[in-house]
Structures are given as structure tokens and as C-alpha cells.
Amino acid sequence: MEQQDDEAAPPHAYHDDATSVSSDGTITIGEDAVLIDGAEASDDENYPYRQPSPILKYIPTRVQRTSRAITRWAKGPQPPRPWKIQPYFPTVQYAPVQFLNNYFPKRKQKVLLLIFFYICWLLCFGLVLHRSAFASDIPGHGSPVRVTCTDRFWNDGNGCGLNGNLCRPFENSTLAFRCPANCKRVEVVNPHAVGDQEVNYRPLVIGGPTNKEKDLEYTFYRGDSFICGAAIHAGFISNQDGGCGVVSLVGEQSRFPSVKQNRITSIGFDSYFPKSFSFLSGTSSKCRDLRWPLLGVSLTFTILLSLFTTSPAVFLPSVYTGIFFHVALASDPPNLTDYYSIVSIALGRFLPASFCMFVVYKYCVRRQQVGLHAQFEKTILWLGGCWVGALNNYTFDRIPIQRLTPHDIQQQPGAIPALIIVVLSLFFIAVGQAWAIRVEGRLPRYLAVYGIFVACILAMVAVPKMNVRIHHYILALLLVPGTAMQNRPSLLFQGILIGLFINGIARWGFDSILQTPDELRGDAPLGSLLPLILPPIVYNNPISSGLLPNITFEWTLPLPGLYDGLSVLVNDVERFRGYEDRGKNSFTWVRHDREVPEYFRFGFLSGSRTADYTKAGKWAVNGGWTEMRPGPGLA
């Protein structure tokens, strides 16, 4: 096969109907051809004269020259030079395709082989997935319930109702559960109150072993801890494979220690909580989250397809479908406990995502991969990059940037340096891609397209009471047109972007680019008014009196116009609701345990819904009172 120059466009044949050249070199002139005098001929191209625009006389000559120079530069070299990858070791890289052509020369044979390949892929993936998704019964406890990495036995704020009655039972109950893999990475991303502490950007695991031997039967966790995170911390299951077991509710416990083990540092709490849990020794089952064996299956079949396929029309749909369902069903499924619902959601998201992928194929992938015979380079750069993007929860999620908001960037450790590195990397990549597009003579069109993109985003920014959020699937769609050329950096970048698109849709769906502040806030503070509590009245009754100490809080009426009541949390459990129409303007609490401190937080009520709670005030063991610090404290 004749190789074309790496940067030169293929030569074009020139034909003129007025003249022809015979085999002996004789020139024949057609009837319509007209000979002109040599003096009339010129090497210069002749263009009709155009009257200069009258506006130009108001523009300085230097500005005009600079503008023309920039325009000429943006148009690139003339003629344009399309990029074309010349494979390293072409014989070796083309060997898989040559092997296929030698043993399956006919098109019909190749089609049948491809169908057989798809069947083998589906069977292998389906069998491993079924074994991974459905576990056998745990003896004496039945089939385990699928739980997500963020599932807990307790709700935030007053979500469990007065005295936690909506979250009963507190004890004498067990649950057979199944955790997915990789739950150690799940953290709280907004400040979470644990007594007078504010926990952020760490797993919500409160408690741990209470004896030096770290026996499982003496390991207790507060009821609002992540179940799977606690199981990993206790060594009951592994983070890499997940696992099954039985969790037991053990009622009220006190003094939850902070312990570092299994690469998780738990949170300490020096008071009591009405609902706690532990894990039953001997019930840990061998069920595993087989996402890593499934990754081996998917990698094997996608690599084989990439090596033996030169047609983009076969390569992209096959790889896209395989990776999409791998992400949606195995490596990063939605947080649902019913696996059949996960399958249903995956199928519902697949069809609209396929339409987007068809557009990407037509305008980006096809232009890049037609005529590409660098099989190993395509596999390493494009397919490897696609898997890096699709496994976003193991790759880019490790970058310490949860959300691009000023508050999160300032609060999250390492976010500012990471953001600087990311922005600089994207800038230099964009400059490199713009130069490559200019060489192909397409830079003016791309500048126009991206100008439209920027104008649309700015128009959405101007929409009142809405926030623009660029999800990573949107970012992929915006940037992938800049990779529609056949060079090695574009192979890598296009693969990464398509992988990010697949992960974004398979995991989260088509979230809107415009979202309300409530959607973005999640469990962050509402920014509401906080109650003003008068200094408490404390009665530190001695033990000899036979009376327990008590503390009384008071507030003034009427309450602010939006609110009709006040809620009080004691040790993060709602213990009081007082409404203005009942004349409630005070709350008295009798100490529950003389040996531990107690923590109080206050928040306005509107019906049964609460506004922000205050930070915690502390009633110490010695009877001293520590006032609440300013600002809201989250549940």
C-alpha cells in the first residue's frame, strides 16, 4: 500500500475540456478554446476590483494590517495539510487485520465471526454479572439486602421524628446486607454535625472497637454511620470486593471511640446515642462484588475488537455499548438496592445516549478513524483513554475537587492546587489542539462553533434564579469536536472524553445544565435565620439530693414571621418541638447520664419542616455551659 505524506494532502488530477494531450505528446485544442497573445498572459491571478469599504478609513492602518495578518494566520497553511498517522512498525500493527483477511477473506465470513464474537461477549459478561449481582442466602438470616455506600439507620436533623421514633427499632433486630465494592471512597461533602464537631470530606463512620483486642463483639458504631463504611472499618468486609454479612442493632451506647484501622479513621463521640449497631461474628459471607473480574472480561473483548477492526462503524458502536453497560451494571451503577431497577434505568438511559453517540460518530470519530491502520496505537491511546474516562470513579474522582463552587474549593483539602493544575493542563491541551486544527485549515470554523457554545453558556448564566452546572457528560460533548483529526494526541483525548460521557450518563443520567439552588445545595445549609436562645438556667443537683441535674432554655415570642415553632436536638436526636400557638417559649432537659456531656442545637420550625440548626452548645459533666458558636451547624 502506497503511503501518503504525513502532512500533505493527496494530489488532485487536473482536467480541462478545452485541451487534451495525446500519447505522442501532441496538444489538441478544442473548438471552444481561444489562444491569447503571450503579452496578455500573466502569472498573476486576476480578481475583479472591489471598492474598499468606507468604514476602513476610520480604522488605523496598523490595526487593519494586524487584523489581516491574524486572519491569514488563522486560515492556516495553504493548501491545508490534513493529519495522517503513520504507524510505528506498520507490519506489526497491521498484522491482526492481515491475519483476519487471510483466514476470513469474505465479507460474509467476517459478519458471522463478528456475531459469534458478540454472543461470546454477552455470555461471559452475563454469567459473571449474575454471580456478582445475586448472592446466596446467609444461613439463619435469609437472602442479603443490597445496600448502597451511603445507607444508614438514621436520618439527618429531625428526619427520625421526635425521640427518633420514626427510625425504630433501636435494638434486638438484625439485617442481612450486601455492600458493593469501593465504599471507602464515599465521604460527606457538606459539614455534618457530630456533637460539637463538624465532619467534612471523610467517611461518616462514628465509633469502632472499644477494647484493645479490637474484637468484633466489642465494636460499636453510632446509628447514623455509613453501614458499609463501618463494615470496612471493622474489617468485616473488604473495600476491594465488598461483601455480605449480618448487622445487629444494639440500642443505646456511650463513648464511641475514634480509631484508625483499615485505612479509615473513624469519628469519636464522647456521649450517648439511642441507636447503635455492630456486626455478628461468623456471619460474613463469601459473596463478592465481581466488578474487577467483569472489568477483565470487558477489557479482553474490547481490546480484541479494537485490534481486529478497522471500520469505525463497527468499532465505536460495539465499544460504546459494551462499556456503557459495564459502567451502568458493574463498575459504577446508580445507588439503588433493587438490581432489576438498575437494569431498567440503564436501558432507559442507553437509547438517548446512543443518539448523542451517533452524532459524535458522524462528525468526530469517523473523521478521525477512517483510514487508520495503527491498530495497537488506537487500542492503547483511544481505547485506553476511553476506559480511563469510563472508570471515572477510580480515576478522575480521586482529584480532590467535588464541586466547582467557591465554598467547596476553599473548604476541601488540596482543591486549590488541584484546580490550578487542571486549568493549566486544559489550557495547554486546548492550545495544542487549536494549532493542529489550524494546520488542517479549519480553525475559523471551529472558532465560530465554540463562540456559539460560549454565547449559549453565557446566556444560560444570565437566567435568573438558576445555576449553570457543567456536568462531565456535557463537558465531553463540548470538547469532543476539537479532537476530530487523525493525530495521536486527538486519539487519546477523544477516547477520554467519550469515556467521560459514557460514565456521566450511565451513572447519573441526563442531569440538566440549569439547576435550581436547592438542587445544588443538597444537604448544605439553607442560609435561614437561627434562633436566639437566652442564657440557660442550670440546676446541678448533687447526687445526695436524689435529683438529676437539669437545664432550661428560653426564647422570646413571637417568632419570626416565616416560622411557627422551634425544634431542639440533644446529642443529634430531636427531643422537643414547641409551637408558638401553644405558648411554648422554654424547654427543660433532665440530664440523661451524669458521666458524659450533652450537646444541644436549636432550629426554627415551619410546620414539621426545620430550617438550619445552630451549632452545638455543650453541657459539660461538671455542669458548665459552653455557648453555641455563630453560624449554622448541619445535621
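We count from 1, first residue shown onward.
Cβ atoms are placed via backbone N, Cα and C, with glycine included.
Annotated features, as they stand in TrEMBL:
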DOMAIN    143-267  domain 'LCCL'
REGION    1-24  region 'Disordered'
TRANSMEM  111-129  transmembrane segment
TRANSMEM  294-319  transmembrane segment
TRANSMEM  339-361  transmembrane segment
TRANSMEM  415-437  transmembrane segment
TRANSMEM  443-463  transmembrane segment
TRANSMEM  491-510  transmembrane segment
Do the transmembrane segment (339-361) and the transmembrane segment (294-319) share at least 3 Cβ pairs under 8 Å, sequence separation 6 or more?
yes
With DSSP as the yardstick, break the domain 'LCCL' (143-267) down into helix, strand and coil residue counts.
16 helix, 46 strand, 63 coil
Candidates 111-129, 294-319, 415-437, 491-510; stretch with most C-beta pairs under 8 Å toward the transmembrane segment (443-463):
415-437
Predicted model, mean pLDDT over the domain 'LCCL' (143-267):
93
Decide whether the stretches the transmembrane segment (294-319) and the transmembrane segment (491-510) have at least 3 CB pairs under 8 angstroms, with pairs required to be 6 or more apart in sequence.
no
